Structure formats: C-alpha cells, structure tokens
C-alpha cells in the first residue's frame, strides 16, 4: 500500500528566480511557481499512529514546511519508472534502522505547482517539463497517487534466443542492431561458427555478454591490432609500444598491465588503522602506491551528473580492487568540451555549431559533470586534488581538410592514487570450490550496454540505447564496500579476499567471467542469488546491467564466515552467487525457470576472437602562419585570461573535498590568498611521516591538429615540468598513465595515433627513463547527426592526457607558484626549453583569434628536458627556490600573471633577451619554467643550472614588486602595464559567471568582489598559546590512556584522521560503528569520551546528520545509552561536521543545549570545500581551554553548515549563555557573514558551539584534518610538526586526567 507525506519547500528564492528567467526566455506564460518535496512510502501493512508520527518526523528535514496548501497545476518529478534512486536506497535503510519495518521502500518526488497566464499548448508543456527534469533519470506525473507505478513489481521475464541455426547470419545481424551489440563483421562470423559447432542457438544474454566482454571498451582491439600504414606493415601494435617503456625501465614497478591499477614502490611508513581488537595503531610497513586513470566520456555526454559521478566511482573501485584489496587515497579529474557559450558572456572566438538533442551542451556538461564527479568523491571520502579543463570547438584546416574539430563528445577523466600492502600486490589463487561473491548494491535495470555503447561513435546507436546506458551513483554504498575491503586487507595474511575485480562496463557479464578466467577457472552461478531490486528483470538485465558500487570476489570457503561478519558490521550487502570450477566453462542457472540462460565454454566467450588489422594512410597538413597583424597585446592577454584552459577554475575546485584523510600536503589552492595554481598535488604517505606521493597532469590536444607526435611529446613533458615542483629525486621514480582519445577511422587519425604512440612509447619515454604501466583508450571521439537533411560532424582532436605519479621524499619541500615579497631581494629566471623557437601554432593565443597557425611547440631537446628535471630536483631538495611555475597554456605572460596572483604582488618584466616578436615571446607555449630565486642564492642556482647544461637556456626576466601592477618592457619601451587586481578580476570572470549560473548569485558576486579587492590581506594566524607545547605530555607519561569511541555510521569517512589526532593526544582510540552499539558489541559506558566523525552518514538524504540522529532517538536502547553518557559529568563529547549535525539533532537528550540551532543547507546551495579563518572566543568549553583570542585557518568541507534557529530568541540565548566558541572571520579579523570567508552564511559567522557545562562541543570545520602543520593548505612558516588545532585534542586529554 502507498502512503504519501508532504515534505519541505525544495527550491530557495534564488532557484525559483532562476527558473522564472528560463521560462521567460523560453516564452512560457508562467506567472507563479512553487516547489516542495513529496515522499512516497510503499508499505507492507498499515502503519500505527505512532509509526506514522515517527515516519513523518523522519521525513521532516530541510526548511520548515510552508503553512499553505500549494495551488496551481501540479507536475511531480519522480525517478524514472523502473529505476530506484540512491535517495530511496539510503532513506529506506534509515527507516529500517529506526525500526520501521513495515516500510518496504521510500521514494521522493519534487512537486512543482505552476500558475499560468493562459492554457499551455502540448508543445509548451513539453518545453516546460524539459526545464524541470532530466529525462534520462526522471519522469513526470500529475497526481501523487500515480506514484504507485514506482513500486509495481513485474513477473520475471525469461531469456530469448536468436535462431541462427535456421536464420543463419542474418538473424545475428538483426539482433546486433536491435540489442545495440556493436559487433564487428568478423565477430558475427565468429559467433555463427562457434554456436553452429555447439549445435544450438545463442541466448540473448550470451550474445550480450560476448558483446560487452569483447567491446572496444573492454578489449582495446585497436591498441592490440596489427597495423599497415601507407602499405607498409608495422612491426609493433600500439600496446607493444606502450609496453616497451616497461621493458626499457622496469625500475620500481611492482605490477603493470594485468590488474585494475598499476602498482609502484612506495615508502616505509606507519600506516594507521584499527586492529582486530578495535584499537587504532600505527603499523610500520611499505605503503606501495597504486595508480589508475579512467574515462567516462559517453555517459557524461548523455547525462553529465551521473555520467561523471559513476566515472569517478568506477575508477575508485578499480583502485580498491587492485591485488587482493587496496585503499584509494586521492583523486584527479579532467574535462574537455566544446565552447561553453555562457549566456551574456559569449566570447569572440565562440561561434558554436549546433548539437544533436541526445547529448548535453558543453555548458550543461561543465555545470553538472564536475558536480557529479565531486559529489561522488566527497561522499566516498576521497580528496580531489588535481585536474584540467579545456574547451575547443573550431572550424580548422587540418589533416582531413576543413572541418569542425571539438569535443561534442566530451572527455571526462577520473583518476587517482591509493596504497596497498606488499603482500597484497599480486592476486591470489582461486581454488576449485572458492565462493564467488558479489559485494555491493542490488542489480537494477540501468546502465545496460555501457561498454558497447561507449565503443560507438556518438550517433551510431539508437537514442533509447543511449538512454539505457546511463548509470546511477550511490557513493555511500561504495564507501561501505570499501570499509569491508579495508577490514580484509588490514588482516594481513588472514585477508579472506583471494581475488577481486570491480564491476564496471558490462556488469556481472564482464566481471564474473573475467574473475574466474584470470584465476584459470570456470564458474557455476545461480542467477536468482544475485541481489536484485526489480523482480521483473530478464536474465539478460540481471546479469548485464551496470548497477554501480559492486565488486566481484573469490573467497575460500573456510573464510566465508569471517567475510560475512565483516560485511554485516559495515552493513554492506553481499551475495554468494556461485563457485569456481576446475573446468573452464561458464554455467548460469535460473532457479525460477529451471533452465540455463548461459552454458558456454570460456574459450568461446574470451577466446581468440578475430584480431583486428588497421590498414590506413597517413596525411600531412600545411597550416598557415598565425596572422597577428591585427592583434593588440593587451586585448590578446585579456582574451587568453578568459579562455577556460587558462582562466581561474575555482568553480571546479571548491565543490570538491580537498582535506579528507588528513594527508593532503598540497592541494590546488596556494598561499594566503588561496589561488588555484598549484603545479602538482602532494599527499603524505601516512599520518606520521613526511614521505608522500605526488600527481601531475599534462595534455596539449590542439597541437595534434598540426602535429600528432608533438602533441603526445608535450603531454608527457608537461606532466614532468609540473611534477618537478616537488621532491622526488630520480626521474625513474615517476610513472605515467596514458589516456588516449581518438576518432578512430576518421581521415588521417589512425596513422596519427600510431605516430603519437610511437613518439612516446618507442622514443621519448625510454630516452627519459619513464614507464607507462597503466592507461586507457577511448577510440570513438566523434559526434554525427542530421539537421535539416544535412549530416553534421564534430570530431575531437587526438587527445593524449598524461597523468604522472611519483613517490615523494619530503612533502615539505614542495615549491608553489606563490611569489614572495617577504624574502628580501630576489630575481625571476626563465628556463626556456623551447630554445628561443617561440612557436605559436595551436596556442591559446591562436585559439582566441580563431586561428590554428602552422608550427606548434615541441620537445626541442630530450636531454635538456631530463637535465631540467634533475636541476629542479637539486634546487628543490636544497630549498633554493622561492617559487616555481611551469610555462604552459597561455604562455609566459599567463605563467607570470598566475605567480603574481598567488603572491598578491606586482611584476617588472623585461623581455629583450627572449626574442624579437613580443607576441611570440609572451604567448608561445614551449616547455620551460619560471623560478624565483633569492639574490643571495643566485650564483648557487646558476652553478646548478650550469652543471646541468641549462645556463644557455636561462634568461633573467626581472623582479617582483610590492605594487598592484604588472609591467612588461622591451628595453626602454613599456609594452604592457595594468593593475594586477584588474587582471585578477578578468582571470576570475569565468568562475564568477559559472557560479552565478550554478550557485547562489549573491554568493558568487561577493566572492568576485573579494578577489578583485586590492586591499585583501590574505590569511594570517595568531595563537595565544605555544603551538609547540604538549600540555598532555605529563599525563601521557603516566601510561594511562582514556578510551575514546571514534564513532561512525555508514557513510562516515573522516574517522581515520580523527582517531590519529586523539591517538597523538594520548587516547586509546577505538573504532566504534553504530552497528556495534546496535548489536551490543560495545557500550558507551565503557568510554571516557565520544567523538562523532565527519562524512555523509546515509548520504545526508534526510538532512545532514538527521538520519543518524533519528536512528538513535527512535531506538529506545540507543536513546537510553546516549542519554546516560551525555548526563555523566565525567565524559566528553565532540561532534565534527556530519558529527556536529548529528549531535545537534540529539540536543533534546544533551543537558545545556536548549539554545542550540540545527544546521541546514549552505547559503551558496553548494558543497563548500575551503580553508577558512576562525577566531576562538572566551567560553567555558573544556575543549578550547587556553585558545581564546587565537585565530587560524581550518579545513571546511560541508554542504549543510548554516545555523538555523527554531525561534528568534535562540541566538540571544546562545550569546547570553556564552556558548559560541568559534566564528568565521574575514581577512581583517572581523566576524563575517560574507562569502566565502564565511563559507555557509551562518549568522555572525557561528561555526562552533559548546553546551553549558563545557563538556560537549560541536563544530562544522575539521580540526582533525589539520592537526599536523603539513596538512594545512597554508600555514605560517614557523609552525613545526604540530598544527594549531592539535591543542584541542590535548585539552581533552588534560581534562580526563
């Protein structure tokens, strides 16, 4: 039965205003609009009054429900029929954990009420609906009762067969089109031959499974193909040339080409995690480094948010499923799209081609896609520390003549690093009888055919098949699964996982055969054992769907009980669906129909399918030199600063958590003004060392329109000039991931791809000593469609994205682009690896003037590049560089401007020594870097450059000033002069425009004003206590350790760093999951202190922290336990971020909290990840003793941190009772409500509160993520190991003595 509950208002005033503007532009006669959430409960039986009240309370979150009955025409947006939203999965979990067991499922809709000036036509209705829902993910109904269709269960469907025995090849050709299999001609022949030999017809599920497992996406046929170019047979395949890098330089690589990610040697450090007794401890061992970079281009083109989200999720699973289980650590992301054409901010180089209806626009992709990728990383608990963003769309004369080149099919790149134990690097053996398990969420009828669909050029598959290949994300589920994997690898030799793969393209139809095949086994499977949320699915849909957040594992039968216990504790769903067999044969039995939908020898599925041969011709291109006769230097610089590849990208950065783990040593934001210009990302290898890992990226795709090989060489070289800013040592420590995107089959592109791979794999990388142990290819980067009877095509340039990964010796030595004005006299030097060639082909300058040019930059001298890296490493190690920034997109002028922005300083630059042509000198994108050197170190630095054969490439540029002005001169002639603050504003315009479209425009305007303010003083810190004094030391010396419960719920992700901070303060930190309290494995009375940790409990679906709190309040046993703990005067409680929200929701059982507010959505309506300044007030909080009067930065990472009071008197009560412990302050040190100094809009900057007796504290920012100095994005140079926030944890230790 269905019960309906009204929810809170769903759209704020500014969101409704944005909608009104869109309706006006679309000429829709909407006079009024209101929207609220509506909840649908599918019940097994009628609820009692008490149960109804409980469920009603549970579904009360967000702003208070409007007191009126809405009027107007009702349009209710619901999840697409036949799918289950991730909101539903998590909300239903909460209901069950609150004892509401009659609830089969909860689902949520968004009810719009419109008033119209006149009756809408059906065409206008369609247009209206397109503005309020995503047809890929959602549907529309008009009455709440119609939502019953969401819960309808169908009878199971049987498989179908394709009659090739009588219908022959034609029958299979028809099935190929109808099922969207993307089978090649020779594969059709192969299947007809093999099934004829087996004497039976194939089932649809078998064909589908074959198509997924053998798609270009999964099998990389082009990279494994034989090649004939211009009639000449080539010696090696593309993949062999990539593998050549490993053959030439195998140093430090532990696993390559055979697993979900590659592994290289890491550092020996203290890895921090709980032992089987629950206590967190350091474990001194090798933390080897794994690396992986994936693309998710096709799903992102179709539906950007879930496409990018599941792209990140799939890559995270690849890392976790490496070896016998590993831990993902930090992520990177990248986007290439066509021109944005922002309304009201159109640029002179943008004259967009139209696009097919089935794909999203570039602007929509860049609004929704990054939010999807960030949301997944945030909720999973992985910091996103690195990225690139390029736009390109231009009619150019390239290898195939004049045509439109661009990214209508976007690149969405997701990658990262993780750590793995030495004994788990290699996968184990799969014994006969091993249990074959699916870990993770249920099968759903979504994401069908992603592998095959992404292998087709966009436009070749039917639109409804594109529709079917969109996936759905549930990162909180993936976090639960990862916690299980963590518990397994933490057992060391007792790890129950023998073999593990993630479930990606093709679903179980690809993952399970791969698992058993890689283990040299076959498998017997039971279809109906697979967890499924939809009874009516056919065998094909159950086996082949791409439901996310799943892994397949082999576990020895004797370890099954242990594995089961670990899953139950983490509330991670799993199912034993089969056993490994001696015979390499795959059988899938269906208990419902008592038949075998699959019954195939493994060698038919994964055997020697026909090998591809590419017989292609190479092409040449004659570009025309850049015409710069009409180009004005100032205008050119302004245009380049607005080009997305150069422009400030804060809008892509602050949406992503960059502090979770407590091990981030270098994120994108640099210096006291937090400017996003870091060259590389750096993490510490553990919470107790300065060893670490670094990541950087390189890509120069437009260059491939003139020279394929040069583009590939530059991508590799740029990744090296970026990562050179940190302390690596030997260049052989750097390992690369190569992601190749190409429009295979497009004129000239195949031969060009071969040239590019050869340039990198056979030549440049071996010469530099670099290895490419991992990578990915996407070979269908072309979009075709028909418009007004005419075929249109947009083809991407050959795009190689290189991601570089390396072990770091000492993360503290990383150099940033921030120019320093506080270090005495200094000089700026350019190391010009372009050797004065100053080529302008395919540069940002060319692009903003709608040109391509002729000669692009290239690697001029490989030996100089290697020497450059070695010289920078010597200078970084000796700490002789004040600042470093490589030359890249936008050229030298952009490099210098970014350094000045980071240093909030001026420049006086002289370019006479760099060449005769001003534009070529300033805008060429040849390799190189600018360094800032103290005057007193100049001769030492010149000596090092001389020893490395670089002094002839080193040019003095001028000096740094304290003025608000950037000046560039040639001799006595002033070429350029403008205020730095004005240029800073131009550079920030892109972010401002994107934030205004996507977020609260008022917040966007406030941030834009702050960026342009020449008086902005940047961050500072002042402590009223000695940062180096360990006030807990005398108590630790007694050997006594108070016990603290490091409390987490499903979806919490900040518990490791929290435990580490308390461990350092002398506590016995115990890992306590809410399931432990439910099942009485622990009781709170056995602890002296309790900390509720940050993250996304239940994915924040019923209000941040709300579901977690209500699972306590609505459970009598837990309610009593927490009430007793809070009432005990000898205990301490801390709630941070999600824990803060949760504890605030428990105020009714915490003494002295009557004045506490609750925490609601940020004013910006966006997840905010920033460093922010806070001031500590004088209160009686035991947690903040001795800290009053201090101000310092802290990590902020939340979407719902704004305080909301029940009534106006509450704020005054807080002040009267003196419970406001900390406030956000601006750079002038005043409490503020201005964004982004106050990232959530809380009144008076309130961000931390105490209860009346000082024992309980709640705070939204994260002290545990910055308890070490090294993990602060910015900090004063005189801070040593302990950060300013370590005092809070030591205060707690002193109190509990």
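Just so you know, glycine gets a Cβ as well, placed from its N, Cα and C.
Here Swiss-Prot has 679, 718, 722 binding Mg(2+), and the candidate from 502, 886, 889 in that same listed site is 886. Checked against Swiss-Prot, the range among 245-264, 265-284, 285-304, 305-324 recorded as region 'Disordered' is 305-324. Each of the binding-site residues 309, 678 was scored by the other Cβ atoms within 10 Å of its Cβ; the lowest score goes to 678.
Counted within 10 Å of its Cβ, the other Cβ atoms near residue 307 (ATP binding site) come to 29, all protein chains included. Farthest C-alpha pair in the ATP-binding residues 307, 308, 309, 310, 311, 312, 313, 314, 315, 316, 317, 318, 678, 888: 32 Å apart.
Across the region 'Disordered' (305-324), DSSP classifies residues as 16 helix, 0 strand, 4 coil. Using the Cβ center of 679, 718, 722, 886 for Mg(2+), the list of other same-chain residues with Cβ within 8 Å runs, in sequence order, 680, 696, 698, 719, 720, 721, 723, 724, 725, 885, 888, 929. Of all Cβ atoms in the shown protein chains, 27 besides its own fall within 10 Å of the Cβ of residue 886 (Mg(2+) binding site).
Along the domain 'Glutamine amidotransferase type-1' (1043-1297), the predicted structure has mean pLDDT 97. Recorded residues residue 1264 (active site) and residue 313 (ATP binding site) have their alpha carbons 26 Å apart, per Cα-Cα distance. The shortest Cα-Cα distance between residue 718 (Mg(2+) binding site) and any of the recorded positions 309, 313, 678, 1137 is the one to 678. Ranking the recorded positions 317, 1262 by other CB atoms within 10 A of the CB puts 1262 at the bottom.
Among the binding-site residues 311, 313, 315, 317, not one has a Cα within 10 Å of the Cα of residue 722 (Mg(2+) binding site).
In the three-state DSSP scheme, residue 679 (Mg(2+) binding site) is classed as coil.
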